[in-house]
Amino acid sequence: MGNQQVVSITGAGSGIGLELVRSFKSAGYYVSALVRNEEQEALLCKEFKDALEIVVGDVRDHATNEKLIKQTIDRFGHLDCFIANAGIWDYMLSIEEPWEKISSSFDEIFDINVKSYFSGISAALPELKKTNGSVVMTASVSSHAVGGGGSCYIASKHAVLGMVKALAYELAPEVRVNAVSPGGTVTSLCGPASAGFDKMHMKDMPGIDDMIKGLTPLGFAAKPEDVVAPYLLLASRKQGKFITGTVISIDGGMALGRK
């Protein structure tokens, strides 16, 4: 496939992940995508025809992450960037809920928001070392401040910050590791099935736009296409070559507090 850059993206079937697929394709990358179900696969196939390498599966399953990387290499020959983007929200789950609900939700949220990132990076790492590639993770405004979710979600996103720092240090100089912290963004993010939130979508919550506007100094709720530019910067071998261990916030100033 020559010198064309190759990126692999998890959580690619909706929201920020889907917009990442669009943006990286527009930037000339070859793209492989991990999606959750056949419905998301069909959506990508309709928009991109056969231009993507698509894997359907559970991001929590290490074999699925290994399959994503194998199929990426089989089709495109190499891997330049792995984007760990899959995630779920906790719909402001309170510590005052029954322990069984908290415990099962915590496990599911951390399995997807944290452990799946480790799994995907582990699967991608041998190929990234060959190309001196990079990792970009999706953190959150909730990695830096409270108010963007319940305590389970906020704890999971704080964990991502630790991963970025530890892995950037461990993997330098061969592989760069960074993250983007979106906030104030309306997406179709769902919640843990263990709490009955798997059929819910953030974008369908009544008043969500107005709530975000009230929390954001810039005064509007972002769309996924508004927050993808930092990923392209961090993935770039030219513009991002001296960046590692860095988290770029793109949250309309939400982490600063209310205006």
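The first residue you see is number 1, and the count goes up from there.
Glycine residues also receive a Cβ, built from the backbone N, Cα and C atoms like all the rest.
According to Swiss-Prot, the active site, proton acceptor annotation covers Tyr153, on the basis of similarity to another entry. With a cut-off of 8 Å between CB atoms and residues at least 6 apart in sequence, the same chain places Trp89, Asp90, Leu93, Ile109, Asn113, Ser140, Ser142 near Tyr153 (active site, proton acceptor), listed in sequence order.
On its own chain, Ala12 (NAD(+) binding site) has Leu18, Leu20, Val21, Ala33, Leu34, Val35, Gln40, Leu44, Asn85 as residues at least 6 apart in sequence with a Cβ closer than 8 Å to its own Cβ. Under the DSSP three-state reduction, Ala12 (NAD(+) binding site) is assigned to coil, being neither helix nor strand. As annotated by Swiss-Prot, NAD(+) binding site applies to 8-32.
Sequence annotations record features per position, and here Swiss-Prot assigns substrate binding site to Ser140. The number of other CB atoms found within 10 A of the CB of Ser140 (substrate binding site), across every protein chain shown, is 29.
Of all the binding-site residues given, namely Ser8, Ser32, the one with the smallest number of surrounding CB atoms inside 10 A is Ser32. In this structure, Ser140 (substrate binding site) belongs to neither helix nor strand by DSSP; it is coil.
Neighbours of Ile16 (NAD(+) binding site), defined as other CB atoms within 10 A of its CB across all chains, total 29. Most Cβ neighbours within 10 Å, among the binding-site residues Leu20, Phe24, Gly28: Leu20 holds that distinction in the structure as shown.
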